[in-house]
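Listed in TrEMBL:
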type: BINDING; residues: Gly53, Glu74, Asp96; note: S-adenosyl-L-methionine binding site
Amino acid sequence: MGVEFVDLFNQWASSYDDTVSGKDPEYKEVFEDYDAMLQELADLAVSPVLEFGMGTANLTRKIVAQNKVVVGVEPSEEMRRIAIVKCPEAAVYEGDFINYPSLQLPIKSIVSSFAFHHLKEDEKRLAIRAYYDKLEEGGKIIFIDTLFKDEAHKWSLIKDAEKKGYLNLAQDLQEEYYAYLSELEQMFLEVGFEVSFKQKNKFAWLIQAKKGE
Ligand SMILES: C[S@@+](CC[C@H](N)C(=O)[O-])C[C@H]1O[C@@H](n2cnc3c(N)ncnc32)[C@H](O)[C@@H]1O
């Protein structure tokens, strides 16, 4: 489910790290402060960690460097191929936010960066419910992703991208399933999570959702 973007990621995998390091002007602002954002997320994660959409393992490496155990799930074969080389310490599985191998570990953190927007609204809701059951008491979901504050904010980002000639970005902002903050907040609250949002750059937000103890 939600894996309609995988071909794109197979093609993007070999140049993905150039994009996140700011070499592609079109996506520079999307990934502004990428390393610092991932580091903040890594610092917050409590082991054992389940990571979805690990891509080329940039977040995974930061978590593993703190001697935390990470199980990574990634649908793109090309991304997994790079992730395994860059982060041999992590267990890496084929799968997605909803379908992934059953794990025997007690999971204390579920993390993901720049990937949750690949799920449609009903898929996001399904995943969040399942993560509530999967997490240990006191466990946390910690995501970083692009969010829209509201409809006006969405269209201001799209218009701004168009004005700069960033037509791929403008198209992504319309075609991928970026959530509205209030809609995502509601999905977490209705399951029983405490949730908070912190804006990290023009596009990306840190989302923390805690399961009560
Ligand atoms: C923009 S990349 C982010 C990679 C990495 N987390 C990072 O921060 O650089 C999005 C990743 O999500 C993966 N992805 C796409 N659809 C997914 C899904 N339904 N479930 C899990 N991962 C997915 C892609 O293959 C890709 O590796």
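Cβ atoms are placed via backbone N, Cα and C, with glycine included.
Looking at Glu74, Asp96, the binding-site residues in this record, the fewest other C-beta atoms within 10 angstroms of the C-beta turn up around Asp96. Non-local neighbourhood of Gly53 (S-adenosyl-L-methionine binding site): Val73, Glu74, Pro75, Asp96, Phe97, Ser112, Ser113, Phe114, Ala115, Phe116, His118, each in the same chain, at least six residues away, with C-beta under 8 Å from its C-beta. In sequence order, Val3, Phe52, Met54, Val73, Pro75, Ser76, Met79, Gly95, Phe97, Ala115 are the residues of the same chain, not among Gly53, Glu74, Asp96, whose CB sits within 8 A of the CB centroid for the S-adenosyl-L-methionine site. For the binding site of S-adenosyl-L-methionine, formed by Gly53, Glu74, Asp96 according to the record, the largest Cα to Cα distance is 7 Å, rounded to a whole number.
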